[in-house]
């Protein structure tokens, strides 16, 4: 039975004898034979080559690294090392075996000499346990079998699921807090003084929202929108933003502790990746010389310039989305459909959000190609270095792809559009869009809601459906078994016991070196959405929590049932992703501080309450401090000062001389009032105070919670002491 265990399977088309591809294939297999590999050939719709490495290779590995894998963790006499270690070593040798033509397996696969190479899903006890208790929709996620996952998929995959489970668990706390904040906003839906004033402002006539076919309108028409805005934009939002800044820090600190405990139990706390790679290179080729560290300032400069160009392209796409919204608003306002005319701004915003999602899908593919090209330019020394470089570039590109449009809505929308009589225009024709009179935060809320719901829903559905359908189609293409006739009866032709197993594995979906990377990237982008603009979208943690519960099940089912077995990789942490998450935590503090200071009406309202409102006078008991805020935040505009493009002549007789718009400007020359500069100073002061307090709290939390538990430190200390005592 042991003889039928194979470390890897290579798949090739059936080439003509003497053809170039057949010769190249034979040369590669000959090189493997020289290294002592056992090779078994099975012919069916394709050529299958099972390869098994000699035990001497694993003995060398154990000797070189004095690795804990040398302890027999598998009762099978055939395997002195775990299956995951065998597969990893064999994969390294396969990828680095060079033919006399100086070609590696990667080159041969590009030239279609080999079609695929993969380790096998075998019917072992661990796999059956994972299939029944983990990779099912009805399985529970609160306790994942991390140790079993490690035994089957290796440490890197196990750490991914440990991190994802930990993130989801703590996300439950943030989701609960966000839901409480949102519900508290609903309770003040009808009681907000600001909303009441807007709903009762049936004599306040506002300036038109577009140049043509837009009438003057009463402020009270936006009553419902104002209630929704103040449901999101209230004092609880500020507290929640501070809470999320602390939550992000505590989450990472607790993850570091959890990770230290897990890898110590695996005896990998002090594992050296570079030493491991050097050992594998020597096992593969004793004459191997390590590639030296190199740095080229010219190459780094070229890469930096190209990264900046790529970022500029993404900012350009954000500008294109802005132009779309401006033009769409103008077109919708002239539509024959009454509903579109009345809700032109909302229609432009919603369609703009959907268009933004489509650009995200397209640019994700472009970003990957560009990031890989830049990595090739850098010529990293090792695969792990290449992976780190690729991670930083793709995350930077994806961050700008996802957030450039949101940054515009949060911090620029309605602040660079000028004022009636002097609007900023695109191509001198279309004026830039304005915020709603109730504030800009609802625009950001809607944009984030649409993108998060679309991204989480569509990505999870497609992530499961595409491989599921592809697997079923491949199974349908299965050729019927050959039969032969014996004494007039049909009898199935006897076949190799390995054949069906290899065919079943081949018909599964292909995995690549970035399969796990894609899962990490998806989660880190989601983490960015959950933390950076959470002040504008308190439901983000709840959506992320629900999505993650689904994500864990989808990933488990994909890896166990729909995809070929992933090549295990050794690791003792989640790598560069930890630094990325810490950077996102700092961006979250800055982003939420800016949202509250600039996007929200929180600061203008507080300034009014304690500087200009009724509470400033001594005899104001029983009066809401925000009474009169709306009237105070509106400026007066003379209709005769409208630009020629704004056609409202037909309404002049009805509306008189002066109309209102949202800004702090003087009525005579439209310059900013003293209140504007007062509010500007208050915004700046709040931003500085909020960010410094939040960052200080983050630092204190990071100091207060040790990265490594005392039990782990003591365990490592005892181990060192015991080893030294034995030596002595």
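Cβ atoms are placed via backbone N, Cα and C, with glycine included.
Unlike curated records, TrEMBL annotations are generated automatically.
Per TrEMBL, the features are as follows:
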DOMAIN    83-146  domain 'Anoctamin dimerisation'
DOMAIN    149-716  domain 'Anoctamin transmembrane'
TRANSMEM  170-189  transmembrane segment
TRANSMEM  236-255  transmembrane segment
TRANSMEM  301-324  transmembrane segment
TRANSMEM  344-363  transmembrane segment
TRANSMEM  394-413  transmembrane segment
TRANSMEM  524-554  transmembrane segment
TRANSMEM  574-598  transmembrane segment
TRANSMEM  680-705  transmembrane segment
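Broken down by DSSP into helix, strand and coil, the domain 'Anoctamin dimerisation' (83-146) contains 30 helix, 3 strand, 31 coil. Packing against the transmembrane segment (394-413) from elsewhere in the chain are residues 307, 310-311, 314-315, 317-318, 321-322, 352, 356, 359-360, 363-364, 367-368, 370-371, 433-435, 440, 443-444, 447-448, 451, 521, 524-525, 528-529, 532-533, 536, 580, 591, 594-595, 598-599: each is 6 or more residues past its ends and has a CB under 8 Å from a CB in it.
Within the same chain, residues 348, 352, 355-356, 359, 363, 367, 370, 374, 377-378, 393, 396-397, 400-401, 404-405, 407-408, 426, 430, 432 sit at least 6 positions outside the transmembrane segment (301-324) and bring their C-beta atoms closer than 8 Å to a C-beta of that stretch. Under the criterion of 3 or more C-beta pairs below 8 Å, with sequence separation of 6 or more, the transmembrane segment (680-705) and the transmembrane segment (236-255) qualify as touching. With a threshold of 8 Å between CB atoms, the same-chain residues lying at least 6 positions outside the transmembrane segment (170-189) that come near it are 195, 227, 230-232, 234, 236-237, 239-240, 243-244, 247, 250-251, 254, 530, 534, 538-542, 544-545, 548. The predicted model assigns the domain 'Anoctamin dimerisation' (83-146) a mean pLDDT of 87.
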